[in-house]
Amino acid sequence: MIKFEKVNYTYQPNSPFASRALFDIDLEVKKGSYTALIGHTGSGKSTLLQHLNGLLQPTEGKVTVGDIVVSSTSKQKEIKPVRKKVGVVFQFPESQLFEETVLKDVAFGPQNFGIPKEKAEKIAAEKLEMVGLADEFWEKSPFELSGGQMRRVAIAGILAMEPEVLVLDEPTAGLDPKARIEMMQLFESIHQSGQTVVLVTHLMDDVADYANYVYLLEKGYIISCGTPSDVFQEVDFLKAHELGVPKATHFADQLQKTGAVTFEKLPITRAELVTLLTSLSVNSGGEN
């Protein structure tokens, strides 16, 4: 689906202001996967994200998206199809809304790619239903809606382009806890429908709950990758790099360090933690 091979990126190359942001990145996003990218500000994850849909081209190495190869010498006309294959929901996407009605805003993208208005509006209606926005809102101005509803409109607008990969850049930033949970459940539902998803986040619990593969970035390098279950076992390594772990993992690790219990493998979700603690309680129940 998407493959990075020895990708390097330098801002303002061949100038006194040259600044290298990515170093020898090897990365793969498989079809149907839910992949997470984690890193602090300055880790390179935003630069990497912009390579996913051809907004940036590698200084060295190559990015393959489907059957399209993007390198330093690729022409814009060769890269343009990548932007239809990979849809990016940037932080605070509601700031990009502009049309006079919700339906028109969502239909704008498909029309921009040459789809007739009637068909574009049919696609828009399908995607608005998918993101859970009732038809009573479709003829309203997007600016009359709540923040969470506006974000759903923006996400529907990306989905209306029918991308093969949906990239989410800190998608719950600024939302209250209830809206945040609902938004993550929406993305899980979209993933379950067969959509390939890439999540850029700093929230480890979301990675544990939803992703099936994760890459950790630091200063432009991938410092760890694997399934969340494997990566989050390295608690001390993550702490040394000032990266957190899921709350359930932190609790279990602290409990284990007291000597009260030994886990064969640290849980990464609340459900896993409850199951393990219940099992321990049952096993020791005869002594109580």
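One is the number of the first residue shown, and numbering goes on along the chain from there.
Cβ atoms are placed via backbone N, Cα and C, with glycine included.
Copied from Swiss-Prot, the annotated features are:
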BINDING   Gly39, His40, Thr41, Gly42, Ser43, Gly44, Lys45, Ser46  ATP binding site
DOMAIN    2-244  domain 'ABC transporter'
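Ranking the binding-site residues His40, Lys45 by the number of CB atoms within 10 A of their own CB puts Lys45 at the top. A simple Cβ count within 10 Å picks out one of the binding-site residues Ser43, Ser46 as the most packed, and that one is Ser43.
Around Gly39 (ATP binding site), the same-chain residues six or more apart in sequence whose CB sits under 8 Å from its CB are Lys45, His202, Leu216, Leu217, Glu218, Leu243, listed in sequence order. Within 8 Å of the Cβ centroid of the ATP site, not counting the listed residues Gly39, His40, Thr41, Gly42, Ser43, Gly44, Lys45, Ser46, the chain contributes Leu217, Glu218. Of all the binding-site residues listed here (Gly42, Gly44), the one with the fewest other CB atoms within 10 A of its own CB is Gly42. Sequence-distant neighbours of Thr41 (ATP binding site) (same chain, 6+ residues apart, CB-CB distance under 8 A): none.
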